[in-house]
Amino acid sequence: AVIGRYKLSVQSTSSGSSSPEALGTFVLLFNPWSPGDDVFMSNKAECEEYVLEEFGIIFAGNQHRINSFGWNFGQFQGDILNICLSMMDRSLNYRQDPATDVSHRNDPKYLGRVLSAMVNGNDDQGVVLGNWSGNYEGGKSPSSWIGSGEILQSWKKSGFKPVRYGQCWVFAAVLTTVLRCLGIPTRTITNFSSAHDADGNLRVDEFYDASGNHLNRGADSVWNFHVWNESWFSRSDLGPSYSGWQILDATPQEESGGIYQCGPASRNAIKEGDVDLDYDCPFVFAEVNADCMYWNYDPATGKKTLIFSKSTLIGQFISTKAVGRDDRVDITNDYKYEEGSRKERDIFKKARKKLGLEDKFDPTAPTPKEIEQKPDISGKFKMAGPLEVGKDLNLILALANLQPDVKTVHVNMTAWSTVYTRRPVYEIWKDSISVTLSPKEEKHFPIKISYAEYQQQLTTDNTIQITALCHVEGGIQVLVQRDITLDNPDIDIQVLGEAKVNTEVDVEVVFTNPIDTEVTNCVLQVEGNDLLRGILEIDIPPLKASEKSTTKFKVTPFETGSKHLLVNFSCDKFADVKAFKTVNV
């Protein structure tokens, strides 16, 4: 049956032609507990987590340092069901042909695709407007949200104008709320070192100038992380071996069928390299499998030289929240065979072949000669101290001579603040050194970037990319690179007493200013389903250097069970310090 709101009426046969009596309305949803349903999930604990659970954990950071934050999906709160139903009626498909659109609403693959388009504001005045510039004037910074409810309510209140602003985890979290609300089991997935392959050649090209600056050239990119969704349903169009988890992505990256939507792509199809199957498998396959090419580009001559290529960088530590616990589960093996294994390379070749890339000459691809060139030196950045906002950044550049003769190396180094997609925003620091390395020698060069140097330039993502481009005399260039995510200071939540239904309980939130200057414009935001109605916003007075702030407020729980309180603290020096606390009511 088609999901949605039905009218129910009764007509008595005995009274002849009397008009039917209206009894009211009811809403029909998908039912993952029912074996006949397309979304049937046999594991009850998974049904609880992926349909009924209103709290989630989203993983972020980068592959060297995974962090996480809580999210309030809130799919059963207030007006959310009505907003989800009206979202279906605002899609382009419904506007173009309402009868046909409604007739397909029994099909989770159809609705998943339509809703992946509706959650972003592109094309159809959908829910959230994306912004990756680092400047979020005229809206809320993407990292400031802690739940979907506020976003969906704002969209409705504004007369359905896209809410400003979101980035990938916001799109994925809102889509999770909508699909769980409609009864489709759904979860958020984080892919680290995620490729955005814009030209469909399963290769990502990145360009650097001679100084080591990362150039915004070409549409391909590698993101520190990217968040999408998996929803559980059968694929009658593809056959049973492609049923199960399906990838949907509401982040507007590339058009599909003329609009910004993505999926459903069968996860089994991605693992087996069946990229010719519906929908958008080549794009998703590239996100976890693309090969990486790093080029040196000379803007004056337009000449590019391959620095190196790597086939094992993309698609690391693919993560989701565990069922029934707040832990990370690694599902990389569900997306691909072991990196570097024969099977994995065979699947990659199979995918290239299906996309017609095997036989076609690609003038932009590196030549076999370029790929076979071996560097004379190796290098890496090592961390030599804490990675925290407010502290100086200490690193070591380690360079090693791999050859039995002396090498002279000229090194150009730069550090840029970036957004999490690695898009450079501000230059923070640069330096250059010349080095002589004896045969087989390794040398260490300390690097210090002070808090004063990066403080003004840091984006709300707390990310910095540091690059050293090494020009080896008589040899090929070597690129050394590290993406750094700085940790925010900690914030502590304590519930002072036992939480009982309809009884006030005190909550205390403690934050200590870790830096030696005053912080101002301090605001604490609190939300929690069944603990608070709406969002609590508390202004906190400025905090002097090393000063501790203790904020107390009361909550009155109105449901029993395991609930979550989420907080977000912001000030002029720290953006969006987040924490959550499990409260057993």
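Quick reminder: no glycine exception, Cβ is built from N, Cα and C everywhere.
TrEMBL labels come from automatic prediction, so no person has curated them.
Listed in TrEMBL for this protein:
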- 160-252: domain 'Transglutaminase-like' (DOMAIN)
- Cys168: active site (ACT_SITE)
- His226: active site (ACT_SITE)
- Asp249: active site (ACT_SITE)
- Asn289, Asp291, Glu339, Glu344: Ca(2+) binding site (BINDING)
Quick check: of the recorded positions listed here (Cys168, Asp249, Asn289), which one has the Cα closest to that of His226 (active site)? Cys168
What other residues of the same chain, not counting Asn289, Asp291, Glu339, Glu344, have a CB atom within 8 A of the CB centroid of the Ca(2+) site? Val288, Ala290, Ser311, Thr312, Ile314, Gly315, Lys336, Gly340, Arg345, Phe348
Ranked by the number of other Cβ atoms within 10 Å of their own Cβ, which of the binding-site residues Asp291, Glu344 ranks first? Asp291
Give the distance between the Cα atoms of Glu344 (Ca(2+) binding site) and Asp249 (active site), rounded to the nearest whole Å. 24
For the recorded positions Cys168, His226, Asp249, Asn289, Glu339, work out the Cβ neighbour count at 10 Å and name the residue with the minimum. Glu339
Rounded inter-Cα distance in Å - Asn289 (Ca(2+) binding site), Cys168 (active site): 19
Mean pLDDT for the domain 'Transglutaminase-like' (160-252), rounded to an integer? 95
Whole-number Å distance between the CA of Asp249 (active site) and the CA of Cys168 (active site)? 9
How big is the gap, in Å, between the Cα of Asp291 (Ca(2+) binding site) and that of Cys168 (active site), rounded to a whole number? 22
